[in-house]
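Feature annotation from TrEMBL assigns domain 'Transposase IS4-like' to 4-106.
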């Protein structure tokens, strides 16, 4: 049963060919280089929108690495959307739907800086873990895509 009340979005880098050994002696113009950590990749990005309840993928888009697709991954019926820390500020973008409430995880550095000894810090830590549990559902389809 698909409830359609929430969507989890995520993106992953998919390696592209770096070779220029083709007819045009050039790389694919739609694929760009991107830095992840300290490593550079020549890749494209796979964006996935999955149901927050069961993890079933309803939207898949492949784009250049310099394009953000968060709000286009929503199907329109949801009231909740979940994303990892890379989606900070998604609700303030011009194409954002005001009817959707975004739950975006905080960056790891901010999570580590929380004082978990007081009640507020412990509650925020628990909330971030719950968001991460929901976010994990969208990671499983990337295993299939990357193989």
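Note: Cβ is positioned from N, Cα and C throughout, glycine not excepted.
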The domain 'Transposase IS4-like' (4-106): DSSP-derived helix, strand, coil residue counts: 10 helix, 44 strand, 49 coil
Local confidence of the domain 'Transposase IS4-like' (4-106) - pLDDT mean: 82
